[in-house]
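One structure is given here, and the rest of the page talks about it.
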Amino acid sequence: MTLALATTTPGEPEVFASLQGEGASMGRPSTFVRLSRCNLACEWCDTAYTWRFSGDNRFHRDDLAFERKANQVMAEEADVARMVADLPPDRLVITGGEPLLQGPQLARMLAALDEARPGMHVEIETNGSVAPHAVLDARVQQYNVSPKLSHSGNPAELALVPERLDAWAADPRAWFKFVVAEPADVEEVRALKERHAIPAERIFLMPEGRSSDVIRQRSGWLSDICTREGYRFSDRLHIHIWGDTRGT
Ligand SMILES: C[S@@+](CC[C@H](N)C(=O)[O-])C[C@H]1O[C@@H](n2cnc3c(N)ncnc32)[C@H](O)[C@@H]1O
Ligand SMILES: Nc1nc2[nH]cc(C(=O)O)c2c(=O)[nH]1
Ligand code: SF4
Ligand SMILES: [Mg+2]
């Protein structure tokens, strides 16, 4: 059984220990597993190498067939579990790409992990447009849900699935993390918050930016909006420490 993972060095699955750089667990030592493939195609995606393979695969869900692709490695679920178990952190962050596209494979990987190293805390980074597989869902402690606003360039009918947003809003494990590039983007956050009854204390606003300079520039007005409107602010700690570097 295999998982499609991103690679940092050719042939090597992108599994690494770092600090969680964003959201509710920022600063916590965590092991990251980065999967490949995505059902969306954000214009500013900082990990487009996980899904933008040869040619243009925007919005073609049938492209999710698991053949070998550049920047992708197929790894045995048990081998991924062993790599995670051998790293020091007791927390796991599963990201991508869109990890919820590989729910059954992740559920099996986590079952193997529980054999090798029981009790790890599991967080999933997701764009929030896909329902989690039931067996996987039962093993997850935290969802970091990042619904995509119009500046991402995704069609709203793919990115913002109303019944999914209602389900995340009702799930106490879910934290919302909206990427914001301009003050006007926050209007869309306000509308989603009202429409789906998302509690403001579970909403982070995070500046779009792949460099410390851009993040810092946008943090001024974004932190003012958070202070006025009761949202939480999320920095991007890993970018300040390591820059936009794979495997950090
Ligand atoms: C690469 S995504 C992978 C997980 C999932 N596909 C998602 O979008 O949530 C991980 C996180 O990085 C955020 N992100 C990606 N590119 C970014 C950028 N240029 N600036 C700020 N955040 C970004 C996403 O919104 C998401 O919260
Ligand atoms: N350090 C670090 N923290 C992160 N939190 C979410 C990340 C992601 O790409 O999903 C990420 C990442 O890539 N690196
Ligand atoms: S949903 Fe996530 S992985 Fe997919 S393109 Fe957007 S930011 Fe990148
Ligand atoms: Mg990242």
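Just so it is clear, glycine is given a Cβ too, placed from its N, Cα and C backbone atoms.
Those TrEMBL annotations? Automatic predictions, nothing curated.
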Among Arg34, Arg82, TrEMBL assigns to the substrate site of Leu19, Gln20, Gly21, Thr95 just Arg34
Among Gly11, Gly97, Gly103, the candidate listed by TrEMBL alongside Trp44, Cys45, Asp46, Ser146, Pro147, Lys148 for S-adenosyl-L-methionine is Gly97
So which binding-site residues out of Leu19, Gln20, Thr95, Ser146, Pro147, Lys148 end up within 10 angstroms of Cys42 ([4Fe-4S] cluster binding site), measuring C-alpha to C-alpha? Lys148
Candidates Leu19, Gln20, Cys38, Pro147 (binding-site residues) with CB under 6 Å from ligand 3, in sequence order, are Cys38
Which listed residue (Leu19, Cys38, Cys42, Cys45) has most other Cβ within 10 Å, given these are binding-site residues: Cys38
Rounded inter-Cα distance in Å - Cys45 ([4Fe-4S] cluster binding site), Lys148 (S-adenosyl-L-methionine binding site): 11
Inter-residue Cα distance where the pair is Cys38 ([4Fe-4S] cluster binding site) and Lys148 (S-adenosyl-L-methionine binding site), in Å: 13
